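Student: Feature annotation from TrEMBL assigns region 'Disordered' to 1-28. The annotation compositional bias 'Basic and acidic residues' is assigned in TrEMBL to 7-28. For 17-188, the entry in TrEMBL reads domain 'Galactose-1-phosphate uridyl transferase N-terminal'. The UDP-alpha-D-glucose binding site feature in TrEMBL is assigned to 40-43, Val73, 89-90, Asn165, 171-173, Gln180, 326-327, 331-332, Gln338. According to TrEMBL, the active site, tele-UMP-histidine intermediate annotation covers His178. What TrEMBL lists as Fe cation binding site is Glu194, His293, His311, His313. The domain 'Galactose-1-phosphate uridyl transferase C-terminal' annotation in TrEMBL covers 195-361.
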Amino acid sequence: MEPSPSGEKEEGVGRFRDSEHQHTRYNPLRDDWVLVSAHRVKRPWQGQLEKPPPEDVPRWDPNNPLCPGATRVNGEVNPQYEGTFVFPNDFPALQPDAPEPGDSDHPLFRAAAARGVCKVMCFHPWSDLTLPLMSLAEIRAVIDAWAELAAELGASYPWVQIFENKGAMMGCSNPHPHCQVWASSFLPNEARLEDRTQRQHLRQHGMPMLLEYAEQEAHRKERLVVENADWLVVVPYWATWPYQTLLLPRRHVCRLQDLHEGERDSLASIMQRLLIKYDNLFEVSFPYSMGWHGAPTGPYLEEDCGHWQLHAHYYPPLLRSATIRKFMVGYEMLAQAQRDLTPEQAAERLRSLPEVHYKQRSKEMS
């Protein structure tokens, strides 16, 4: 008899507790499994310690290529922008005019064309700000710019990937609030996988997977972090990273550009609340990689994509403190993903954190 990972269940040898006993959980969005071993977080740590992010980032630095008025590596000078600023990536991974690869002489050695465009979007002119420290109006401007880019690039490209790498730990090379937008002539692996699993779920169950999942999590509440009238954030039941979260709309929405005015306002609010909690967890500018997934675009705009539900993934690496991260190595690389605390434990810890940023609390107390 298999134990249920939620709560407790009698077994042949004692009582199962998900916070004490290892078990696997199924991820229907990726059609794979994660090993949950919550007892491992108690083990002593003598491994690598990360450097906390610097607290003294200058507001403006002429040598930072993302700052207003700075000169980028290609010689172009940024305008004195006061809000968001979008420009072509100076080192694009995708270009619109790449030639076709030649025909393969063997099925084990296949290649295919890859074309696209890559853009950078600055959230704010100040380098010492991050999204949780920006105002709701400033975050709303970021959301509007995201939606505009998704619609503009999605008019011709099948996939538009908006993503933010926050912090040097996640590969961010410039201390300035910004993200990247890559539009591709093909569906990347994660998009193809989510398209298949969501299509299959709708066919089998008659309801979009993540719409049904949001309703279930809103009712169960054990993995809920924050919510409002239009959105909810959960540590997903199948989370891989320690404090991974999933941001979901309550109504059926296929693409970012489909959000109405009120939903964009409430999205700004819930993003700010989540990201403040992230920073408050270890009182550090919390590193993560995040990105939006929605229905494919380009030629798919003419197809029925009702199986898709818009959502954003947040993948933070920190595990125990601002200096101890989760490493995806060994078993994770060679067998399957493994996490060191339950999603319920992570959600409870995030949920209990204050929604006033620790830096703002420090200012109020001084």
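A Cβ is built for glycine as well, from the same backbone N, Cα and C atoms used for every other residue.
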Student: Relative to the Cβ of Glu194 (Fe cation binding site), which residues of the same chain, six or more apart in sequence, are found under 8 Å away?
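Tutor: Counting only residues 6 or more apart in sequence, the Cβ neighbours of Glu194 (Fe cation binding site) under 8 Å are Leu29, Arg30, His293, Trp308.
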Student: How many Å lie between the Cα of Cys172 (UDP-alpha-D-glucose binding site) and the Cα of His313 (Fe cation binding site)?
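Tutor: Spelling it out, the Cα of Cys172 (UDP-alpha-D-glucose binding site) and the Cα of His313 (Fe cation binding site) are 17 Å apart.
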Student: If you count other CB atoms within 10 A of each CB, which of Asp90, Glu332 wins among these binding-site residues?
Tutor: Glu332
Student: Per-residue pLDDT averaged over the domain 'Galactose-1-phosphate uridyl transferase C-terminal' (195-361) comes to what?
Tutor: 96
Student: Compare the Cα of Lys326 (UDP-alpha-D-glucose binding site) against each of the recorded positions His178, His311, His313 and report the nearest.
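Tutor: Among His178, His311, His313, His313.
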Student: For the recorded Fe cation site, whose residues are Glu194, His293, His311, His313, find every other residue on that chain with a C-beta no more than 8 angstroms from the centre of their C-beta atoms, and list them by sequence position.
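Tutor: Apart from Glu194, His293, His311, His313, the close residues are Leu29, Glu190, Leu210, Leu246, Gly291, Trp292, Gly294, Ala312.
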Student: Test of understanding: give the count of other CB atoms lying within 10 angstroms of the CB of Lys326 (UDP-alpha-D-glucose binding site).
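Tutor: Its Cβ shell of radius 10 Å holds 21 other Cβ atoms.
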Student: Please list, in sequence order, the residues in the chain of His313 (Fe cation binding site) that are at least six apart in sequence and whose C-beta is under 8 Å away from its C-beta.
Tutor: Gln244, Thr245, Leu246, Leu247, Met290, Gly291, His293
Student: Cα of His311 (Fe cation binding site) to Cα of His178 (active site, tele-UMP-histidine intermediate): how many Å, rounded?
Tutor: 20
Student: For His178 (active site, tele-UMP-histidine intermediate), just count the other CB atoms lying within 10 A of its CB, please.
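Tutor: There are 21 of them.
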Student: Could you measure between Glu332 (UDP-alpha-D-glucose binding site) and His178 (active site, tele-UMP-histidine intermediate) for me? Cα positions, answer in whole angstrom.
Tutor: 30
